Amino acid sequence: ETEPLSSKKDVSDCSKGDDCKENGLLVRNPKSALRLVEDGNKVHPSQGDKGEAAQISNGYSGVQSSVPCNGEQQLMELEDRETWSKKIDFLLSVIGYAVDLGNVWRFPYICYQNGGGAFLIPYTIMAIFGGIPLFYMELALGQYHRNGCISIWRKICPIFKGIGFAICIIDLYVASYYNTIMAWAFYYLISSFTAELPWTSCTNPWNTGNCTNYFSKDNVSWSLHSTSPAEEFYTRQVLQVHRSDGLDDLGGISWQLTLCLLLIFTIVYFSIWKGVKTSGKVVWVTATFPYIILFILLVRGATLPGAWRGVLYYLKPDWQKLLATEVWVDAAAQIFFSLGPGFGVLLAYASYNKFHNNCYQDALVTSTVNCLTSFVSGFVIFTVLGYMAEMRNEDVSEVAKDTGPSLLFITYAEAIANMPASTFFAIIFFLMLLTLGLDSTFAGLEGVITGVLDEFPHVWGKRRELFVLGLTIVCFLGSLATLTFGGAYVVKLFEEYATGPAVLTVVFLEAVAVSWFYGITQFCNDVKEMLGSAPGWYWRVCWVAISPLFLLFVTCSFLSSPPELRLFDYDYPYWTTVVGYCIGTSSIIFIPIYMVYRLVVTPGTLKERILKSITPETATEIPFGDIRMNAV
């Protein structure tokens, strides 16, 4: 066994044939191979004289080294954990993860709903004191400990290991509905390859007598029961919700959407099956392409008649709104879900960084890019809504009633269909939605993959491709309920309940575990080892007090007033709220279950069990020249 670093025996004081220590790593005589094992930091001699590399749980391997004990010792070589090919691969992956479909539809809607330009004040405050500190904390944790969301807790506070399992369940729930939205976009993309877009006329088989095309050259009157061609294409052709009576009767499965989703998961599999070396190259397209399209659509929108009306409606401040509590809650929730801590993705991505990478700078750059993207997306959306209002001769508030995906698939799609070169703009718009969603899916699944592979390296360490295949199949099968005729109702239910309060709870406990149990001083020392300077008082205060209170505030606000769900003409019955909370609880229940399990299996008195359960089990290996030392 290894001797502790505090041993009184001098490092250089060893006789021939004895075991020697150098830089905290045990070195045996030339006739013994070394097999490093993370559990307990023990070194076991392998049989035979030949060196044999042995994988350990955090991605390193021990290799035999013929090291004489006469003072002329050679440095032990350790196979390093897989890292990003280039720094830009990491940055694009994090930006691609943080910038998703919600930046395009959720932020613009929440902004104009909560006071327009005035909303930017609470949004910025919540970003500075809540979102960005949590974002930075996860990047630093992942980069220092170099582990996924499950095994990292052995090095921080073992009793909170259930957080890692909860994160994996949440990620699976997200994958079960988020990719279905991309399947809708893919259906639109395929339908766009026509001279005349199918949602421009009322002469299609799926149209009803209420279909009214106010863009036609004929004089038409818009009544209370009128529906646009774009709305009927979305609800009756893509979703086919008219064939479902609600959540208690979802109807059959749409084979068209099933094929679209199958193709999406195929793309996802071959993008992430080899690890960050492949996904880091794919994001060069999926993370940059949306910005090119957003710029094209922004220029096009700005040249449309009535665009100024939409921009004015988007940014006109309503200062009275700042006195309403729900505005601050919406600001906190928006910045939190936009940056995306709590899904295990930032931990996973940062764990593949080089140890001395400047994650502080990365956190500031990526979070700023994310927030600015949300803001610019508002101009892209509202210039078009102003154009729609001009064409309908209505107020912008009447046009902007659609929320969520409907804002993209009905309102924006209809505006595109009535522009010159509509086919071109439709193709690039829905291609943009696909790329926005794809890199977020890459990230969510990588959070699960890294977490499981780091926790069970001897089972899945050399079978990554097989595990990723099984995971994508499970996610595809879990999405079948969302591919039914009533699948849009399931998507809405999962979006509101399966992830929201659960992720907030997970990150709250994560912040508490790191700041109060692991210790803010120890965490800041870890950051200092990586970056050369410790975080200042602002970051410490945010991590210890402000960020946890920020999360507690949003969580309590959500639980005190759960959203009343309504989609199209369907009002969700009361029992769906109960089902929603059960789905959300099914993930975070792993946290108290593991705590109880941990205390039961740990030997000793109750006090000893608690102390052992909150004390890090294993040391983190940190670079020291050409070798890695154990940080104790």
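Cβ coordinates are placed from backbone N, Cα and C, and glycine is handled just like the others.
Marked as domain 'Sodium:neurotransmitter symporter serotonin N-terminal' by TrEMBL: 42-66. Sequence annotations record features per position, and here TrEMBL assigns transmembrane segment to 90-108, 120-141, 162-190, 253-270, 282-308, 328-352, 364-389, 409-434, 466-491, 497-520, 541-560, 572-597. Residues or ranges marked as Na(+) binding site in TrEMBL: G96, A98, V99, N103, S338, N370, L436, D439, S440. Residues or ranges marked as disulfide bond by TrEMBL: C202-C211.
In the predicted structure, the domain 'Sodium:neurotransmitter symporter serotonin N-terminal' (42-66) carries a mean pLDDT of 36. The CA atom of S440 (Na(+) binding site) is located 36 Å away from the CA atom of C202 (disulfide bond). Between the transmembrane segment (328-352) and the transmembrane segment (572-597) there are fewer than 3 Cβ pairs closer than 8 Å, counting only residues 6 or more apart in sequence, so the two stretches are not in contact. Two recorded stretches are said to be in contact when at least 3 C-beta pairs lie under 8 angstroms, sequence spacing 6 or more; the transmembrane segment (120-141) and the transmembrane segment (572-597) fall short of this definition.
Between the transmembrane segment (409-434) and the transmembrane segment (572-597) there are fewer than 3 Cβ pairs closer than 8 Å, counting only pairs 6 or more residues apart in sequence, which means the two stretches are not in contact. Here the transmembrane segment (364-389) has Cβ contacts under 8 Å with residues 91, 94-95, 98-99, 103-105, 107-108, 111-112, 120, 123, 127, 131-132, 135-136, 291, 294, 297-298, 301-302, 304-314, 334-335, 338-339, 395-396, 398-400, 407, 411-412, 414-416 of the same chain, all six or more residues outside its ends.
Below 8 angstroms of C-beta separation, residues 134, 137-138, 141, 153, 156-157, 160, 163, 166-167, 170, 173-174, 177, 333, 336-337, 341-343, 540, 543-544, 547-548, 551-552, 554-555, 558-559, 577, 579-581, 583-585, 587-588, 591, 614, 616 of the same chain, each at least six residues beyond the ends of the transmembrane segment (497-520), sit close to that stretch. Every protein chain shown contributes to the tally, and the Cβ of S440 (Na(+) binding site) ends up with 25 other Cβ atoms within 10 Å. Residues 89, 92-93, 95-96, 99, 271, 373, 376-377, 379-380, 383-384, 386-391, 419, 425, 428-429, 431-432, 435-436, 438-439, 442 of the same chain lie 6 or more positions beyond the ends of the transmembrane segment (282-308) yet place their CB under 8 Å from a CB of it. Highlighted in sequence order, I95, Y97, D100, G102, G340, T373 have their Cβ within 8 Å of the centre of the Cβ atoms of G96, A98, V99, N103, S338, N370, L436, D439, S440, the residues recorded for Na(+), and are not part of that set. Comparing 90-108, 466-491, 541-560 for CB pairs under 8 angstroms to the transmembrane segment (162-190), the maximum falls on 466-491. For the transmembrane segment (466-491), same-chain residues at least 6 beyond its ends with a Cβ under 8 Å from one of its own Cβ atoms are 172, 175-177, 179-181, 183, 239-247, 249-254, 257-258, 261-262, 265, 268-269, 272-273, 445, 448-449, 452-453, 460, 567-568, 570, 572. Here the transmembrane segment (541-560) has Cβ contacts under 8 Å with residues 126, 129-130, 133-134, 137, 325-326, 329, 332-333, 336, 500-501, 504-505, 507-508, 511-512, 514-516, 520, 523 of the same chain, all six or more residues outside its ends. Ranked by how many other Cβ atoms sit within 10 Å of their Cβ, the recorded positions V99, C211, L436 place C211 at the bottom. Counting every protein chain shown, the number of other Cβ atoms lying within 10 Å of the Cβ of G96 (Na(+) binding site) is 29. Calculated from their C-alpha atoms, the gap between C202 (disulfide bond) and L436 (Na(+) binding site) amounts to 31 Å.
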